[in-house]
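Taken verbatim from TrEMBL:
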type    : residues : note
DOMAIN  : 5-119    : domain 'Response regulatory'
DOMAIN  : 144-373  : domain 'Sigma-54 factor interaction'
MOD_RES : ASP54    : 4-aspartylphosphate
Amino acid sequence: METPRLLIADDDKKTRDFVAAFLKYKGYDVLQAFDGQDALEKLEVEDVHLVITDLMMPRVNGLEFVKKLKAMRPGTVVIAYSAFGNYEMTSNLLKAGVFFYLEKPFNLDELETHVKRGLEHQSLQSQTYRSKPALKSRSLIPNIIGESPRMLSLFELIEKVAESDSTVLIQGESGTGKELVARAVHDLGTRKNRNFVPVNCAAIPDELLESELFGHVKGSFTGAIATRIGRFEMADKGTLFLDEIGDMKPNLQVKLLRVLQNRELEPVGATRSKKVDVRIIAATNQNLEKLVASKQFREDLFYRISVIPIFIPPLRERREDIPLLVNTFLDRFNRNKKSKVKGIDADAMEILGNYDWPGNVRELENLVERLVILKGFGTLGVKDLPEKYTGVSLSAPSEALALPDAGICLNTVVEEFENNLILQALKKTGGNKKEAALLLNLKRTTLIEKLKKRKLDVISTSLA
Ligand SMILES: Nc1ncnc2c1ncn2[C@@H]1O[C@H](COP(=O)(O)OP(=O)(O)OP(=O)(O)O)[C@@H](O)[C@H]1O
């Protein structure tokens, strides 16, 4: 077993050395801090299992220290001592989460008994903390994090839907996890040992999407130098995930409808049709009903694909999930990036909890990844968060965006603004589209689609 690590904070060097020497002799690893402030700084970079603290200290006194420590690392067990204890102080300490309070002078064996109890308590507590989310959510659907009531009912729905073979339509804002949910439906169903084939209908140019989906025979169009199977056939006996289905053009919608009705397809240029057995899961961040009403999406196709609708709520409607998401991503990126960021303090977490997250979980995941890379070690605080989250300089942009009296062409201005930011992101990342998409909070495929649509791909290649 790992040697337990203790930190003792006391401004009286004699007492501190004495207690530290005794605990070292008993086999503990002991760190020392000369007051509350020094202890907080040490705890930002060191892992400890238990803290022992005096209450009367200069700069940050014992009670203040305990409060800050508990906000930074809620699970840390604290034993406090003082020669000036009274009822009010003891009750404040217990309220602040102190595990045990000792009157000075105390017997060192007595202190050790409380240290042992405290360590047992700490280990039980961390096991419970780890197993709680696992029982509720992660055990069933390993990659989807969430413990809010809405996510728990989503997990139940996924489990039920996975058992059936019906077509599913997943709706939710961008970054809410539609692809994760689609994969979970596949992984928990009977087709799990066959392919899960994703297609992003918005990222593939319209003229290529048909052959991408249904395949083509050699020579059927310029560039068709060999016969190729499409994604439908790749997904045979498995699942085809049609992402961004709201972007599919009407002529292709008719062809898709035919495949769904007849369960057979015709590759581009072929004379005979082929049977396919594919489960369809479609997703969109658009309001398909509205697209149906404005005749941009076929009503018959809409009813075909929305046999089972699944709606994923935006993150701002399930804020309870934010701390769990932040902590899980911190663990993940610490591991991936070999960083040692200990956690996030209570004030910074509160800011993240109150933010509206227009980019949903993707935005939160990207933010944590960036923070872990930039910070490297220590505890994340408010000063580490970008201005956008702390709301520090919100007034300047509105000046810059003042509408001229003569008016503007909104579409052109917005497009230019977007192009400018896209090019800046590409420049910053040396043309790396994956990293640029991360900076812009976009899916890589969405960025590629924008580059193609706006003919920016040539410029982006020259930045690489
Ligand atoms: N509940 C969640 N738990 C863990 N990770 C999540 C969750 N929701 C989303 N993510 C992560 O957020 C990112 C975006 O997820 P995903 O691509 O599934 O979203 P989407 O809704 O399909 O987005 P878009 O509409 O832009 O295609 C991914 O990295 C995914 O792993």
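Glycine residues also receive a Cβ, built from the backbone N, Cα and C atoms like all the rest.
The DSSP secondary structure for the residue listed as '4-aspartylphosphate' is strand. Each residue in the domain 'Sigma-54 factor interaction' (144-373) has a pLDDT score, and their mean in this model is 91. Its own atom aside, the Cβ of ASP54 (4-aspartylphosphate) has 23 Cβ atoms within 10 angstroms in the protein chains shown. Residue counts of the domain 'Response regulatory' (5-119) by helix, strand and coil are 55 helix, 25 strand, 35 coil (DSSP-based).
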